[in-house]
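Structure record follows, encoded as C-alpha cells.
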Amino acid sequence: AKRLESYQEIDSEDEDSADRQCGSLTHMSKWQGHNCRAVNESLNRKSLNQLSDSYPALGREDGTGDVRHSGRVAFSSPIETDVIPDTELLEKFSQISSHSYRQSEEASSKLALETMYITDFFLALAICNTVVVSVPNQPRQKMRLSSLGRMPIKSLEEIRQMFQRLSVRRLSSSPLPTVKESSESPNSFVRKLSIFRMKLASPALDGDAERAAEPHSADSPENPQVPQELDTMNVAAGCEHNSAASCIELSSSPKLCYEAESPDEAALVHAARAYKCILESRTPDQVTVDFAGLGSLTFQILHILPFDSVRKRMSVVVRHPVSNKVVVYTKGADSVMMDLLRTASEGTNNSEVEQKKIKERTQKHLDDYARRGLRTLCIAKKVLSDAEYAEWLNNHFLAETSIENREELLLESAIRLETELTLLGATGIEDRLQEGVPDTIQALRKAGIKIWMLTGDKRETAVNIAYACKLLEPDDRIFTLKSQSRDACALVMSKILEGIQKNTSAKKKPSHKLGNVSASPSTQAPGFSAGLVIDGRTLEHVLHDSLQNIFLELTEKCQAVVCCRATPLQKSVLVRLVRNKLKAVTLAVGDGANDVSMIQVADTGVGISGQEGMQAVMASDFAISQFRHLRKLLLVHGHWCYTRLTNMVLYFFYKNVAYVNLLFWYQFFCGFSGTSMTDYWILILFNLLFTSLPPIIYGVLDKDVSAEILMQLPQLYMMSQKSVAYLTSAFWITLLDAFYQSLVCFFVPYFTYYGSDIDIFSFGNPINTAALFIILFHLLIECKSVTWIHTVVIVGSILFYFVFTLAFGATCKTFNPRSNPYWIMEKHMTDPVFYLVCLLTICVALLPR
C-alpha cells in the first residue's frame, strides 16, 4: 500500500510558536528546516497548518493569493496555492538587492551569509524542477530536455544523423578541447559548448529565443553589466507576442499556472512564489525568475541531471545572471544529501563551521518532520568555476556519447558533480491521507488481507503514516529490522522470531478454549499483534537467497510490514518474492511512476489516478480515483466476481454433462450406432441459441449478498480466500446432480412411450423439451437475485425454442418415415400425454436441487 493524499480533511494540528526568532544565521537555519513545508489540500476556506514551530508561514485566508487553476493542470486533484508567508522574512527580502547580493558572496558575516542562503534557497525551490509555466492568454511553455547535454545519445549513428539533419558539419571538424586546453581558456570552451548544444538540439528556435541565448554565451567576468542588460532583453522578448498592457500585468501580478510532474514540485514552486520568488517562464535553455529585490533574473540552463532511484536526487546547472558563475542547485532525500555536504575541518573559515552547525540543526528538524509524517527534502548548492565546469562537461559529454557502459558512466559523471555541496535548507511537505483511507485499511485487514506498505520515505515518516492510516495500531509490538551486514541481519531476524513465538505461546495458553472464532491472516495469537519495519539498506541483505526464507517466515507472523526507503526495483522484487515463495495472490496499489514495476509484477495491479500522473494507471489492470474505492473494488466486486465465476463454471459443467448424457443413455437402445433421437438442427442450436443467453446473464448480474452487507461485514470476503463456493465436494455434487437429472429426463419418457409405435423424433421431442425446462429452471434455482432481466431472458429462450421447433417441423420434410421431423411439435402440442410427461420429468429431476 502506498500513502495517499487527502484534500478534504480538516487540519487541526496546533504547533507551538512561542520563543523562536530569526535574527542570525543559526536561527535562519532553524527556519529553513521548519518553514518550507508545502501543504497539499483542496481549494477550500479551511485553515492550514503553521509551517513550523517558529513561523506560521503557510496558511489560508479568504481572498488571499492570485493564482487561478486552469484546465491544463497535470494532475486531477487541486493543491493549495494560496500561501501566507511570514512577514518578518518578507521584510528581509525587501532589503536584498543586486548590490547586497554581490557583497554577500565575498563577505563572511552572518548577516551576509544569511542573505545569500535565503536567496539561493528560494531560487533553488523555483529552479530545481521540471515545472511548466503557462499563462491564460499564452500557450504553455513546453519544458523539453532537448539540448545535447540533457538528451542522452544512444549511438554514433544518431550523432551522424543529427549532424546531417541540422547542417552543422563545421562543428564536427573541430574536436572537443582537452582538459588542458579548457583550463587555459575555460570560458571560451564553455561558451562554444553551450552554443553547440543549443544549435544542435534546438534548430527550430524562433528569433527571440536565439537572441535571448546569444548574449548568455558572450558573458564574461570582465563585463559584469551584461547580465543586467540581458535580463531586460529577455523580459521584453518574452512579452513580444502580447500587448503592452498584458506585459505590465504580467510583471506586476502574473496570473501563472504551474504544471508539474509531481505535486511535490508544484508545492515547492508555490511556496517560493509566496515569498516573492516567482517562476515566470521556462524554456529548454533558460528559466526566468522574478525575485524580490533582485528583479527579473534569467538563468541560462546549462545542464539538467534528472531524478533517479539510485541517486535519489536531481540537479540543475545554471549560470547565475548576477554573479555570472556556474551554480549547481540540488534537491534530494536527506539520507543521501547529508553525505554529500561539504565538511568542516580544523583551521577552516567561519562559513564551513557554520555549515556544520546548520547540518546538525537541520538533521534534528528533519527527524522531527519525519515523526510528524512529512515528506522531507534537502536543498543544497555548489558553485563551480568555468574551468571546473568545462572539465566536468567534457567528461560528461564523453559519457553521453559512449557506446559501452553508457549508463554507468553517466551515473559516475552525475555523482562526480554532486559532491562538496553547501546546505541551504530543508523542506517538509505534508502528504495527507485521502478520505476513508484508515477505514479502508481496517476493512481489508478484517477481510483477511495481509497489507504491506512499500514506500520511499524515511523510517520515521513511514511509521507515522502507518499509524495514521491504522496499518499499525498503538498497542502493536513494533520490531525494527536494521543492520549493516547480512550476518547481523540474519541474527536480528532470528531474535525477532524468538520474541514473537514467546509472546504467541504466552497469549495462547489462557485462551485456547475459546476456539477460532474468526480466521486471522497471520498465525498470531489473539491479543498479540506485531508489526515489522525494515529500511531500504537492510532490504538489500534480506532479498539475498540465503535470507529469503527466514524473512518470509518472519513476515507471516507479523500483522503488518512497512518497508521504507525502498527503491522501485526493490518493490517489484518483494512482490515477486511473496508471490513465488508464499504462493499468495498479490495485489499492488500505487499512484506514481515509481510503482509501475511493482504493479506489473503483481497478479493484480491497481492504479490510482491523481497528482502523481497516469503512469500507474496505464500499467495497471484496474484504475480507481481514490484509495477508499479499493474497499468496494475488493470486498464487493471482488466477492461478486468470485461467486459469479464459480457458479458459471459449475453450471457449464452441469449443463453439458446433463444434456450430453441424454445421447449416451440412448446408445444402449440403438446398439451404440451413434444415432441421435433429436434432429441435428435442434441438437446443434440447443447450446448455441436456446440455452446460451441465460448463463451469461447469470454470470453478469447474480448477487449472492447485497453490496451494503458486504461493506458492513468484510469477513465475508474470506469465502473467496478459502474457496468456499468452489470446493471439490461442490464440483462432484454438481456432476452427480447432472447424471441424476439426465437419467430422469431420459427414462421417464422412455417408460411412458414403451411399447408404442412412435418414431425416433417423436420419442426425442419430449426428452429435448423437458431437458430445456430442467436446465433453465435449475439456473433459476441457483440464482440468488432474480431480476426482470432474468425473467425476460428465460421466457424468451423458451418461446424461441417453441417458435423454432414449430417452424422447423412445418417446413422441413424428409422422405424417411421412421425419422421424419415433419409436424412433430404440432402433434405433441395437442397431446395431453406430452404435457404430463414434461411436467413429471421436470418435477422429479429438480426435486433434489
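Note: Cβ is positioned from N, Cα and C throughout, glycine not excepted.
No curator has checked TrEMBL annotations; they are predicted automatically.
The region 'Disordered' annotation in TrEMBL covers 1-21 (among others).
Look at TrEMBL and you will find 8-17 tagged as compositional bias 'Acidic residues'.
Annotated transmembrane segment per TrEMBL: 116-135 (among others), in sequence order.
TrEMBL lists 206-227 (among others) with the feature region 'Disordered'.
Residues annotated as compositional bias 'Basic and acidic residues' in TrEMBL: 208-219.
The ATP binding site annotation in TrEMBL covers E265, F307, K331, R375, T455, G456, D457, R565, K571, N594, D595. Counting every protein chain shown, 28 other Cβ atoms lie within 10 Å of the Cβ of D595 (ATP binding site).
Feature annotation from TrEMBL assigns region 'Disordered' to 503-522 (among others).
The feature Mg(2+) binding site is assigned by TrEMBL to D591, D595.
According to TrEMBL, the domain 'P-type ATPase C-terminal' annotation covers 617-849.
Residues or ranges marked as transmembrane segment by TrEMBL: 649-668 (among others).
Within the chain, the transmembrane segment (680-701) has long-range Cβ neighbours (under 8 A, six or more residues past its boundaries) at 644-645, 647-648, 651-652, 655-656, 659, 768, 771-772, 775-776, 779, 782-783, 785, 787, 789-790, 793-794, 796-797, 800-801, 804-805, 808, 812. According to TrEMBL, the transmembrane segment annotation covers 680-701 (among others).
Marked as transmembrane segment by TrEMBL: 724-751 (among others). The list of residues near the transmembrane segment (724-751) in space but at least 6 beyond its ends in sequence, with Cβ under 8 angstroms from a Cβ of it, reads 642-643, 646-647, 649-650, 653-655, 657-659, 661-662, 664-666, 669, 763, 766-767, 770-771, 774, 778, 837, 840-841, 844-846, 848-849.
For 763-781 (among others), the entry in TrEMBL reads transmembrane segment. Proximity of distant same-chain residues to the transmembrane segment (763-781), defined by a Cβ-Cβ separation under 8 Å and at least 6 residues beyond the stretch ends, is recorded for 651, 654-655, 658-659, 662, 676-679, 682, 686, 690-691, 694-695, 698, 741, 745-746, 748-750, 753, 790, 794, 797-798, 801, 805, 824-825, 828, 834, 837-838, 841-842, 845-846, 849.
The transmembrane segment feature in TrEMBL is assigned to 788-809 (among others).
Beyond the transmembrane segment (829-847), the same-chain residues lying 6 or more positions past its ends with a Cβ under 8 Å from any Cβ of the stretch are 740-741, 744-745, 748-749, 752, 765-766, 769-770, 773-774, 777-778, 781, 806. Residues annotated as transmembrane segment in TrEMBL: 829-847 (among others).
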With the ATP site defined by the record as E265, F307, K331, R375, T455, G456, D457, R565, K571, N594, D595, how many Å span the farthest pair of C-alpha atoms?
23
Tertiary contacts of the transmembrane segment (649-668) (same chain, 6+ residues out, Cβ under 8 Å):
674-677, 686-687, 691, 695, 698, 726, 730-731, 734-735, 737-739, 741-743, 745-747, 767, 771, 774-775, 778-779, 782
Cβ neighbour count within 10 Å of D457 (ATP binding site):
24
Starting from the Cβ of T455 (ATP binding site), draw a 10 Å sphere and report how many other Cβ atoms land inside it.
23
By a simple count, how many Cβ atoms lie within 10 Å of the Cβ of K331 (ATP binding site), its own Cβ left out?
26
How long is the line from the C-alpha of D457 (ATP binding site) to the C-alpha of D591 (Mg(2+) binding site), rounded to the nearest angstrom?
15
Nearest-integer angstrom distance between the alpha carbons (Cα) of D591 (Mg(2+) binding site) and E265 (ATP binding site):
16
Which residues, sitting 6 or more apart from E265 (ATP binding site) on the same chain, put a CB under 8 Å from its CB?
N129, T130, V131
Taking the Cβ of K571 (ATP binding site) as the reference point, list residues of the same chain whose Cβ is under 8 angstroms away and which are at least six residues distant in sequence.
L454, C563, A588, N594, D595, S597, M598
Pop the mean pLDDT for the domain 'P-type ATPase C-terminal' (617-849) in here, whole number is fine.
89
